[in-house]
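Remarks on the structure that follows.
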Amino acid sequence: MSRPLQITILGATGSIGLSTLDVVARHPDRYDVFALTGFSRLAELRALCLKHRPRYAVVSDQAQARILQDQLHADGVSTRVLDGEGGLSEVAAHPEVDVVMAAIVGAAGLKPTLAAVQSGKRVLLANKEALVMSGALFMQALRDSGAVLLPIDSEHNAIFQCLPTDYSQGLGTVGVRRILLTASGGPFREMAPDLLSDVTPEQACAHPNWSMGRKISVDSASMMNKGLELIEACWLFDARPHQVEVVIHPQSVIHSMVDYVDGSVLAQLGNPDMRTPIAHALAWPERIESGVSALDLLRVGRLDFQAPDDRRFPCLRLARTAAEVGGTAPAMLNAANEVAVDAFLNRRIRFTEIASIIDDVLNHEASVPTVCLEDVLAADRRARDVAGQWLYRNGR
């Protein structure tokens, strides 16, 4: 038997990271944990290092690194602790690493994910923001390095499974009419739009089907998550925005579909558990056991579908517009959303003001073509500044 694959998990203390470790632990003959990163959750990262004994761990700064290194030394664990952006990129691009799970939430995950791609790794992409922000540059780096990119978002993983292997030649050439991107609709799917201004962070984070972190839970509630996924799908599958249709499917059993010109529609179904796409991407093109129970269709009983309401979910409309504009617009959309969601979670703004901030940023800053990574990062900074100015002007 060949040696176990060495895996780095960027964002190990988050929900995707923990689910990845759960799957990896079921297959010790196939995978070794090489590095774990967890910027702000020192106690959780220490516990993971005690359990999985990685060669490296990465935290946010030197002070935290010293604390964790001393703790692990006292624990008798030989893990070496690195820090900062440089540490993240080092463990993502390390020559001994085979697989990188890119699960850092938000723009912070862009540079290490890009480092993994440029180093030719098998990259399991859960950090959708990396593609949203730098799509053209990211895909060019992928082509140049020969890296393998496998989507972890349940929707994109489903689309990947439903497409023919040669889809990169163009969706039209392989008979694809459109991609049907499913969405649960989140906790506010049936709420009257005029009541949304009073919802709390706790309500927004109470997703009906999925267990997720706070930021992505708010994105799901606003359907910005689906907007980001629409942009990601365009880059992953070489689709135009009009070829990606969002469909609300409350049960979250069908994870997405592909509609072909002959009238066939292929769908991927499964229980709403992220270990399924994680296991699929880890083992692809093989299959491994994930710990997810078999889907009981008789218990599900029914599958419902409806169109999203733009009045209830303006963030989805804003994301589609950014996808159509292109250039730095998606990066600015993402940055404005990150600022707005953080403000909402800290009770500085109302839920409905998330879209107001994003709209203000996109109207204030013109999109420009992205020639290099600095173009993307500069657009990100400008958008955050404008979003911060909105908060200041409105006394938040």
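The backbone N, Cα and C atoms fix where each Cβ goes, glycine too.
NADPH binds Thr13, Gly14, Ser15, Ile16, Asn127, Glu129 as Swiss-Prot records it, and from the list Gly76, Gly185, Gly186, Gly213 the residue named for this site is Gly213.
In the record from Swiss-Prot, residues Asp153, Glu155 bind Mn(2+); the candidate from Glu85, Glu90, Glu229, Glu245 listed for the same site is Glu229. Each of the binding-site residues Asp153, Glu229 was scored by the number of other CB atoms within 10 Å of its CB, and the largest score is that of Glu229. Here the C-alpha separation of Glu229 (1-deoxy-D-xylulose 5-phosphate binding site) and Thr13 (NADPH binding site) works out to 23 Å. Sitting within 8 Å of the Cβ centre of Asp153, Glu155, Glu229, and not among those site residues for Mn(2+), are the Cβ atoms of Lys128, Pro151, Ser154, His156, Asn157, Leu181, Asn225, Lys226, Glu232, Ala233, Ser256. Comparing Cβ neighbour counts within 10 Å across the binding-site residues Ser15, Asn127, Asn225, the minimum falls on Ser15. Taking the C-alpha positions, the distance from Ile16 (NADPH binding site) to Lys128 (1-deoxy-D-xylulose 5-phosphate binding site) comes to 12 Å.
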